[in-house]
Amino acid sequence: MGPGRMIKLIYSKFRYSVDGIHETWLTEPSFRQWLALVLLSDICALLFLTDGLRIMIIIGSGFLLLASELINTAVEAAVDLVTKEEHVLAKKAKDAASATTLLTFLTLVSSWLLVLFYQ
Ligand SMILES: Nc1ncnc2c1ncn2[C@@H]1O[C@H](COP(=O)(O)OP(=O)(O)OP(=O)(O)O)[C@@H](O)[C@H]1O
């Protein structure tokens, strides 16, 4: 594959990703709430932490949380596309996707506890 085609491919992948974030931002209030929390967390990290590694842990945990909310949104959309009917597998898929957000939120909380209290 030539460099021109490679750049085109990277650009189109990037554009689709931006579309995904934009659409999720417009349609999912929970994504906007998590984004506000993550921005607050990142600002606090940049203002009050001095160690670069600790700042990176907090910012990385925030990205994980937002990524899991995007995955959660993707699973919800895919399940709703397949069926609007009550189904045990639909529940399983949506609950598991929702659990990723809970776990990454706990990752952010425990990262803050570790960064603040572990020397
Ligand atoms: N088709 C379905 N069959 C069975 N249970 C479902 C179905 N759709 C949703 N549920 C249940 O309802 C819950 C909420 O689903 P919903 O699609 O409303 O997500 P949501 O409220 O938008 O979630 P979030 O706040 O994570 O975005 C799911 O986690 C699941 O337990």
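For all residues, glycine too, the Cβ spot is worked out from N, Cα and C.
Around the Cβ of GLU76 (divalent metal cation binding site), a 10 Å sphere holds 16 further Cβ atoms from the protein chains shown. What TrEMBL lists as divalent metal cation binding site is GLU28, GLU76.
Feature annotation from TrEMBL assigns transmembrane segment to 31-49 (among others).
In sequence order, THR24, GLU28, SER30, PHE31, TRP34, THR101 make up the list of same-chain residues 6 or more apart from GLU69 (active site, proton acceptor) whose Cβ falls under 8 Å from its Cβ. Annotation comment: TrEMBL describes GLU69 as active site, proton acceptor.
For GLU69, SER98, the entry in TrEMBL reads substrate binding site.
Sequence-distant contacts of the transmembrane segment (96-118), counting only residues of its own chain at least 6 positions beyond either end whose CB sits under 8 Å from a CB of the stretch, comprise 34, 38, 41, 45, 49, 54, 57-58, 61-62, 64-65, 67-69, 71-72, 74-76. Annotation comment: TrEMBL describes 96-118 (among others) as transmembrane segment.
GLU76, SER98 are the recorded positions among GLU69, GLU76, SER98 whose C-beta comes within less than 6 Å of an atom of ligand 1, given in sequence order.
With a 10 A radius on its CB, SER98 (substrate binding site) counts 15 other CB atoms from all the protein chains. Annotation note: GLU28 (divalent metal cation binding site) sits in a coil segment as assigned by DSSP.
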